[in-house]
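Undergrad: I have a structure I would like to understand better, so I am pasting it below and will then ask my questions one at a time.
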Amino acid sequence: MPNMEPTTKEIKEQKIYQEMGLTDSEYELVCSILGREPNYTETGLFSVMWSEHCSYKNSKPVLRKFPTEGKQVLQGPGEGAGIVDIGDGLGVAFKVESHNHPSYVEPYQGAATGVGGIIRDVFSMGARPIAMLNSLRFGELDTPHAKYLVSEVVAGIAGYGNSIGIPTVGGEIQFDPCYTKNPLVNAMCVGLIEAKDIQKGQAKGIGNPVMYVGAKTGRDGIHGATFASVEFSEEGEQQRSAVQVGDPFMEKLLLEACLDVIRDHSDILVGIQDMGAAGLVSSSSEMASKAGAGLELIMDDVPQRELNMTPYEMLLSESQERMLLCVKKGHVEEIQALFERYGLEAVVIGQVTDDKMYKIIHHGEVVANVPVDALAEDAPVYHKPSKEPARYQAFQEEKAFVPAMDDVVGVWKELLAQPTIASKRHIYEQYDYQVRTDTAVVPGSDAAIVRVRGTEKAIAMTTDCNSRYLYLDPEVGGAIAVAEAARNIVCSGGKPLAITDGLNFGNPEKPEIFWEIEKAADGISAACLELDTPVISGNVSLYNETDGTGIYPTPVIGMVGLVEDLAHITTQDFKNSGDVIFLIGETKAEYSGSELQKLQQGKISGRAPELDLATEKKYQQLLLTAIQEGLVASSHDLAEGGFGVALAEATFKAGLGADVEVPFALNQLFSESQSRFLVSVKPENEAAFAQLMELEKVYRLGVVTEDDTIRVKHKEDQVTAKTTELRSIWEGAIPCLLK
């Protein structure tokens with residue numbers, strides 16, 4: 001028999017609503033909206049829909065700062081994913097989503113279902129997913145638990161992505177102590193769509209049926225959205241019931257069936273949405289609210305895989321591989337027949353109404369009846385207090401860190417062995433990045449590139465964020481995250497189009513944390529405006545704290561760019577001996593927040609590196625022009641580890657060397673100054689490249705050599721290192737640490 005649910009009186013007097021995630025004032029607001037005390041099911045509906053994860057009640061004032069419009073934008077924020085125009089009637093849909101809390105509790109399933117959820121967001125728009133990326137954060141690889149988390153998260157991503165047949169083509173991983181108990185797992189999906197096929201998540205047309213398709217509903221993931229909206233604790237590790245279990249083979253069937261409906265039955269499909277966070281209640285109430293309609297759902301008709309499920313459990317379950325469709329009256333059988341061909345259930349569970357109410361019926365009784373807008377649109381919005389942390393001013397005034405560089409080659413080797421810098425081949429080789437056979441640039445270069453079939457175009461894509469810079473200065477660091485993403489796209493031959501942002505922060509109820517969120521948004525907005533990359537989708541993950549210890553501010557930037565001609569595709573590795581090496585951009589003694597500072601001081605402090613957005617834009621445009629004119633053989637942005645690491649990485653693939661003279665002192669070899677690019681050009685293109693770059697801070701450094709030796713000179717100083725030795729250290733670091 002099902003458990004007896006608390007009465008309205010018990011909910012109020014025992015403050016059961018607090019356990020469900022509502023504050024006292026929010027509970028009172030619900031009572032005011034309803035004109036009565038909510039029952040248990042209704043309290044559950046409000047608790048999940050008013051969670052930060054679903055309502056963005058703490059972050060909405062900040063999100064409004066983002067530029068979201070541009071001539072390239074076909075769909076901005078507010079739907080399952082954003083979409084940009086790439087010409088020829090085609091669009092690219094993409095979005096990033098976090099699955100942080102679940103991935104700490106149950107790393108394999110947490111990561112796997114994060115992948116599944118973001119794939120559904122993209123195909124719910126009518127787009128065929130063509131690529132996956134991820135952005136991961138872990139603690140140092142010096143404990144068995146850290147190694148376990150990395151191995152299981154990567155296995156979960158691989159297990160789901162490989163099984164469903166979507167290539168995982170790129171991403172980034174950073175290791176820092178602040179992520180030890182707060183790992184971040186952000187998954188990004190990119191899809192291709194014909195502009196005419198764009199769908200909306202809406203339920204309109206009075207009397208139109210609402211259909212449930214896909215897997216049956218179980219008790220997994222109940223209150224998952226609430227779980228993701230509170231600070232974590234050691235006890236929270238026991239909350240495995242809030243973590244869903246995924247089935248990629250079911251998802252593959254669901255994907256193909258939904259795309260068939262969109263392609264062949266668009267005239268009878270009114271709307272479609274994934275059942276993601278907060279499950280059925282979220283998808284159904286949002287679809288009705290967006291259309292200005294109401295909804296009546298019959299819980300008895302919801303496919304269930306467990307006995308005696310209550311309406312509360314069915315509405316809040318986050319069981320995976322489920323979609324909600326609204327179709328025109330009289331066409332249910334057509335839709336059911338299509339889904340049956342894929343072996344999937346498609347069941348009518350309700351209909352659109354005209355009263356703007358959200359009515360739930362079970363065993364012939366009304367068990368919930370609330371205004372639909374109150375759930376989906378009218379959550380309270382909080383303008384949290386904001387306060388500059390004491391550390392910020394201290395960092396501004398701190399004496400600049402000066403690295404110990406007595407043994408330059410020794411430092412070089414140490415840096416290449418740091419897991420944040422070291423080769424991630426051991427990780428990405430677990431992913432099938434060639435499935436679908438359209439991957440033009442595989443993991444390991446600045447950006448991944450996937451061809452657009454039937455055209456000469458390709459899509460460049462990347463995820464980026466150096467959270468250490470944001471810890472020092474969230475505004476500058478936020479701008480750098482966008483700039484670096486754009487750099488990676490440009491270095492690969494693409495024109496940056498737009499971003500999706502995964503905003504991972506600590507507890508917003510702490511004024512110092514909310515200050516970080518505000519400032520990071522300011523930096524991201526400024527860079528997006530300057531570089532013409534509007535924010536078209538995203539995700540907010542707050543409360544990434546465990547027992548009071550939080551993460552660095554980590555707004556992950558997922559960016560997509562257009563490679564207009566396959567001939568423009570460029571990679572970071574040197575191609576031929578004799579090619580001429582150039583450095584674009586100025587190198588300064590900037591080590592704060594750098595991999596070198598972390599290595600030598602064991603901590604991060606000081607002023608973040610400077611970023612001039614006008615200079616950044618100018619250099620990116622010049623480099624992209626040079627690439628499009630066929631003048632560039634290789635191109636690599638300078639990021640973690642600065643020039644020294646970028647130069648070494650450029651030699652590794654072909655086993656070449658380099659003989660260069662740099663315009664800065666050798667103790668600045670690992671400075672992380674911004675807006676810099678390492679470029680090689682064929683000798684016959686040198687004059688044209690130099691002319692294009694005339695009057696800019698562009699330096700001819702030397703040439704690519706046939707031997708496996710890197711020689712770096714500045715005036716009388718010189719260092720020499722063997723490519724093979726550096727590569728061995730770089731490639732072996734992570735496999736060694738994960739043993």
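Glycine residues also receive a Cβ, built from the backbone N, Cα and C atoms like all the rest.
Copying in the features that Swiss-Prot gives for the protein in this structure:
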type: ACT_SITE; residues: HIS53; note: active site
type: ACT_SITE; residues: HIS99; note: active site, proton acceptor
type: BINDING; residues: TYR56, LYS95, ASP501, GLY538; note: ATP binding site
type: BINDING; residues: GLU97, ASN539; note: Mg(2+) 1 binding site
type: BINDING; residues: SER98, HIS99, ASN100, HIS101, ARG120, GLN244, GLU318, SER319, GLN320, SER541; note: substrate binding site
type: BINDING; residues: ASP121, ASP274; note: Mg(2+) 2 binding site
Undergrad: If you count, for each of the binding-site residues GLN320, ASN539, the other Cβ atoms lying within 10 Å of its Cβ, which residue has the minimum?
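TA: Fewest other Cβ atoms within 10 Å, among the binding-site residues GLN320, ASN539, is found for ASN539.
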Undergrad: How big is the Cα-to-Cα gap, in Å, between ASN539 (Mg(2+) 1 binding site) and SER98 (substrate binding site)?
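TA: So the alpha carbons of ASN539 (Mg(2+) 1 binding site) and SER98 (substrate binding site) sit roughly 7 Å from each other.
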Undergrad: Provide the three-state secondary structure of GLU318 (substrate binding site) computed with DSSP.
TA: coil
Undergrad: Out of HIS53, TYR56, GLU97, SER98, HIS99, point to the one nearest ASP121 (Mg(2+) 2 binding site) in space (Cα versus Cα); all of them are recorded positions in the record.
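TA: Nearest in space to ASP121 (Mg(2+) 2 binding site), counting only the recorded positions, is GLU97.
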Undergrad: Cα distance, GLN320 (substrate binding site) to TYR56 (ATP binding site), nearest Å?
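TA: Here the two Cα atoms lie 22 Å apart.
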Undergrad: What subset of the binding-site residues GLU97, GLU318, GLN320 lies within 10 angstroms of ASP501 (ATP binding site) at the C-alpha level?
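TA: So the list is GLU97.
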Undergrad: How many Å separate the two farthest-apart Cα atoms among the ATP-binding residues TYR56, LYS95, ASP501, GLY538?
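TA: So the maximum pairwise Cα distance among the ATP binders is 17 Å.
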Undergrad: Can you tell which of the binding-site residues ASN100, ARG120, GLU318 lies nearest to ASP274 (Mg(2+) 2 binding site) in space, using Cα positions?
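TA: Among ASN100, ARG120, GLU318, ARG120.
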Undergrad: For a quick check of packing: other C-beta atoms within 10 Å of the C-beta of HIS53 (active site), how many?
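TA: Total other Cβ atoms inside 10 Å, all chains included: 28.
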Undergrad: Given the recorded positions HIS53, ARG120, GLU318, tell me which ones have a C-alpha lying within 10 Å of the C-alpha of GLU97 (Mg(2+) 1 binding site).
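TA: Those near GLU97 (Mg(2+) 1 binding site) - Cα within 10 Å - do not exist; the answer is none.
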Undergrad: Around the Cβ of TYR56 (ATP binding site), how many other Cβ atoms lie within 10 Å? Please give the count over every shown protein chain.
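TA: TYR56 (ATP binding site): 19 neighbouring Cβ atoms within 10 Å.
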Undergrad: Please give the maximum pairwise Cα distance, in Å and rounded to a whole number, for the substrate-binding set SER98, HIS99, ASN100, HIS101, ARG120, GLN244, GLU318, SER319, GLN320, SER541.
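TA: Per the listed residues, the maximum Cα distance equals 20 Å.
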Undergrad: In the three-state scheme derived from DSSP, which category covers HIS99 (active site, proton acceptor)?
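TA: Its secondary structure by DSSP: coil.
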Undergrad: For SER98 (substrate binding site), just count the other CB atoms lying within 10 A of its CB, please.
TA: 27
